[in-house]
């Protein structure tokens, strides 16, 4: 069956091969001398554009190939909760524009997966919750509106942990998504569907949301690029709120360039979101030079701080080595590497869970079964609330609502919520100081590579602990990109490990530049999951 | 025209509003029936304004009991702002639209929708804060007040909790003479911005309820008073002043029937001399000032009686409703402990930062407020009743100011407005703004009477013409040839004619029936078509009547 799978032309540029897994750690950087030479990963957005403009292929052809790959891989992966019926129709429109010689938007023909907590007009948007089963919003999120205006095609809605609460996508009310690198493992979460869909090339890029690492950790688990922009860079209008002061819409791509171009498309001030920023959005695309144009030390003078606290106990040795190798690679590119310390680092996780749960307990109050979504008939009002919410929400969501409700209760507010906000201020200060000394900070994206489905399901604290690398960045509102930097042992052909790069507020430009050069010069792996390698 | 205006008109000697007076009296009767009293004009004068001691001949015992207690009353007033759009979305803010037609994803609380603050709400908050002599918070914020109810779409109300936009102010007002008179200053604890909830409509059978979200997200300012009021009258006057100020500022229509002005009253009583407050009871459903006054006085009596009977423990923290039919308060719900609204800062909205320049510019744009107006009118020599009448309604005050601004004499202008004009407006159910008589013409009319161009009587006729049809005083005088005859020779001619044509009456007059002077005067006036100057006429007439041939 798999032999009938036709990879699209844009993919054909990517050599699909089985990665050789060494006995211990397979770090791309360290193995660069021994691994077969591969060409650097290519932007799928730019490749698509080139082939559309040259007439080499059509948007419909491209869309068909992706749809057929979805058909083939989806039974195993379960990345999508809904696949749009309009993909081919939308692609036809792109082809018509080309035929008429009309101007093409920068995302013309680009197939985009959208996390299910981002509203898409007329298309189911449930945040993977029973309470919103069959809910179809009457409006597009601002990010979706912008994507459509630029010619992008929404492929479908991707699976996630219910309302973004979880780190494995197992907390979806509807299905469990598998990691394309190892079908017995989780893709990470909460944007696991979006990450896995890009990894499996079911779509070119995708949108996720990141409240405490929900874009970056699954990007790490699935071996794709995950970009969490500065808080306020992208409008949250149409993003179903989990924790409003932390939530951002983020981007997945198979290259830094793709994630960066998608971010550019959705960025900017929005009058419908008063927390969106009026900061100018720079043209990121000029950063994405092809590798032949790089100087010998393309990152000369870039100051990189490696966060000491992220390489201490509790981090898998493979992940630690991969991070250190990545640091060496950056040094080789000309970066000045120093170790920095964030004294407040370990305080972030508890503060995060207090703030996120508190805000979520409030944000999820609107799901009461009165106006939309799951409504259970009841004799009286409180019963209607109890039953609609009781049946509509999953266990993880209920637990966080309870925790948040408790933290905000009279008499506890100061001890929990207020204190957590004080910690948040400390964390912001520490980051600020570290970023005054350095251009970017680096750390692992997660303490481990993808773990087994079910492994941490009954141990929420262990799962929460996995967020330690990422939550601080949300508390500080900073931008960060996670990109694959190596593989560790596990699965049929190794498991990817992501490197997190953290930048100063609204300095995504620098992150993308460093990330792109890092990615384009990293030898040894194109991070194509074995699922696709088998296909090839 | 508003209830308040009626309430003041009825007390004005120049007006003809007996019906309102009767209503007020009947209110007293009904209140009396259920064992409470309202302080009457006469009696209130004799009692200390800070004491609750209304009198009633039927319940001297209650009077004695009430003498020993002091009521402590605080009021929360919700003022619905007359912004074009809602507080956090661009839905139009109209009262009375078809249910659920003025709604959008934001005010429906759809997933993913975010609030965006309407800057007019801040402007109105600053205006009201300044008008209430408050300290403004240059940096305030919004918070979420959380509770579940079907008409609260988001499960929380966006409000301001610990940092309101304005706090620590006061309001000055004058108690009408018939309620004892006197000037009062009541403290304002705070003014904060928030959004209204929707409306729940319950079926008569109780089988189902419906929710109308048109009102959800409509902006409100909540004004919390200090517990400074001591009687129903003081509380009602306070609420009345809030309405007046809101209308003067143009921030709200202040209409109680539509719910644009809603008052919740907190009331407790304590033995006189006791420092601690008693148990506080909240009264809701007060949709008229008179109801507020009666409800409070009822509640004071109820609590005092319980105290007196040694049943003070039966006064519990609860919300009571005013039952207009039964003229009493009834338990709506008892509160077990304090409700926990789990306030926390609204993360979807940035802080509200005001610059000093912004505040200063709004301060500079404030109109003259009721208190300033009253003090100015008082200084102009008007009596308190006139002052209160004129300053009560901003449109009336503006009209009056415009008329005297055009040179009309203050007292005359006041009398015309409070007398014939007010009566006309009431009969025609018109507002002063809809009236055809312009301030210019009223000023001219007053001037024309004063300088003797026309008589007062003709002045009145012209007034009613102008009220009904509009036009100018000059035009009407010319058109109808109404200029007063002040030429003695002309008047003398008419007098001679009348006297000569009425020989019989002349004889009677001269034989001692001097009352007939009026008859002659009337005849001459008739002949002059009412235009003869009455003073001159009488002077010449007397000369002729008494002349010896």
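Residue 1 is the first one shown; counting continues down the chain.
Including glycine, each Cβ sits where the backbone N, Cα and C put it.
Heads up, TrEMBL stuff is auto-annotated, nobody curated it.
If you check TrEMBL, you get these features:
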type: ACT_SITE; residues: A:115; note: active site, charge relay system
type: ACT_SITE; residues: A:190; note: active site, charge relay system
type: ACT_SITE; residues: A:214; note: active site, acyl-ester intermediate
type: DOMAIN; residues: A:61-512; note: domain 'Amidase'
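Here the Cβ of residue A:214 (active site, acyl-ester intermediate) has 37 other Cβ atoms within 10 Å, regardless of which shown protein chain they belong to. Ranking the active-site residues A:115, A:190 by other CB atoms within 10 A of the CB puts A:115 at the bottom. On the backbone, the CA of residue A:115 (active site, charge relay system) and the CA of residue A:214 (active site, acyl-ester intermediate) stand 11 Å apart. Note: the Cα of residue A:190 (active site, charge relay system) and the Cα of residue A:214 (active site, acyl-ester intermediate) are spaced 5 Å from each other. DSSP assigns residue A:115 (active site, charge relay system) to a strand. If you take every residue in the domain 'Amidase' (A:61-512) and average the pLDDT, you get 96.
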